[in-house]
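A.B. asks: Feature list, courtesy of Swiss-Prot:
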- 12-18, 40-42, 304, 330-332, 412-414: GTP binding site (BINDING)
- 13: active site, proton acceptor (ACT_SITE)
- 13, 40: Mg(2+) binding site (BINDING)
- 13, 14, 15, 16, 38, 39, 40, 41, 128, 142, 223, 238, 302: IMP binding site (BINDING)
- 41: active site, proton donor (ACT_SITE)
């Protein structure tokens, strides 16, 4: 048995899709365990760039099983669209498996997401408006509709009718918005269910059988630890648990079957959406990093907020996710910056904080304590090993590893999978 979890150590967009794609080559099963189509990942495969939101990165390998786990919330319309997107590009999806226990995003979730965000005005969270939060709310309230329900027309119709009574009342009375008729949803979404029916099964059985058979299983997280509903910058978070612990709940695999956790980070920090960001750069260096790193959201297209590497954030991620391996991406983006800074702690009302505070009010008052390091000007995009890097780049990686307390296992010097380099295997035995 060999199992590896890939998690983002920051606020998402760390390049998890690329690293998952890279690690997929030596995996036999690739599974997502939380989130929905609010997560976007860009993958280059055989010279072609693909943008996916729901389907795991391993779909491009015909000999590997790809799983959408029970912890995900699935927009059937978005899923059918993504399947068509792959089919048009001659990518087979025969290896896809979808949990019959995953919850379904319906049109009223999308509308509630949008009107609630609009109502909040200046206090908005920065949601992607994909219906993720409202779908997870229904799940917690035990009124959600699952994939298994979607496939049974009678059950789907009964639950949909009951839910629409409540949702329409909410939309019309609280938000002064138009509600839905059952015929607006029933036939269309039942048909989507029929289109994905061939992929639906009990994915917990698929995953546990694979692990028991000694196959390599790779769990692909979405978003990042700082967007985790329990461990992130609440309430500026997602509605699920991207931390490694989310694997056990969101995939139906017990915690004793998880071996290694790869924490993916950029060599700097980015964020989409609102919320405190201690190392944010609102200057020319920030603009340079954004343009060189093409820091625009895969899902939203929004410019990402950019800042220096924050070791306080990544140490927090290491602790709450049990991270065993560091994958550092986008090192090449920092080329040409004369002096680099790494945040080693926060200063809060005269006190030095080395751990991430829970209070957003306190976080907003925190000033980053920086350590400066000399940059490099050499082109590093062709580096294949640490020894190929200029001395200053090597020292930067070493210092990041020291400050976060995570051994460096992978580093990346460009967007292509050929620019991803292994320092030590994450599939090693315990």
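Yeah, the Cβs are placed from backbone N, Cα and C, and that goes for glycine too.
Show me how these features fit into the shown structure, please.
C.D. replies: Listed in sequence order, 41, 42, 43, 44, 329, 412, 415, 417, 420 are the same-chain residues at least 6 apart in sequence whose CB falls under 8 Å from the CB of residue 18 (GTP binding site).
Under DSSP, residue 13 (active site, proton acceptor) is assigned to coil, being neither helix nor strand in the three-state scheme.
In the three-state DSSP assignment, the secondary structure recorded for residue 40 (Mg(2+) binding site) is coil.
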A.B. asks: Please report how many Å separate the Cα atom of residue 13 (active site, proton acceptor) from that of residue 331 (GTP binding site), as a whole number.
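C.D. replies: Between the Cα atoms of residue 13 (active site, proton acceptor) and residue 331 (GTP binding site), the distance comes to 15 Å.
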A.B. asks: Checking the spread of the IMP site as listed (13, 14, 15, 16, 38, 39, 40, 41, 128, 142, 223, 238, 302): what is the longest Cα-Cα distance, in whole Å?
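C.D. replies: Greatest Cα separation within the listed binding residues comes to 34 Å.
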A.B. asks: What number of additional C-beta atoms lies within 10 angstroms of the C-beta atom of residue 13 (active site, proton acceptor)?
C.D. replies: 28
A.B. asks: Hey, of 128, 302, 413, which of those binding-site residues are within 10 Å of residue 40 (Mg(2+) binding site), Cα to Cα?
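C.D. replies: Qualifying among 128, 302, 413: none.
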A.B. asks: Given the binding-site residues 12, 331, 413, which lie within 10 A of residue 223 (IMP binding site) by CA-CA distance?
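C.D. replies: For residue 223 (IMP binding site), the binding-site residues whose Cα atoms are within 10 Å come to 12.
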A.B. asks: Roughly how many Å lie between the Cα atoms of residue 15 (GTP binding site) and residue 128 (IMP binding site), rounded to a whole value?
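C.D. replies: The Cα atom of residue 15 (GTP binding site) is 18 Å away from the Cα atom of residue 128 (IMP binding site).
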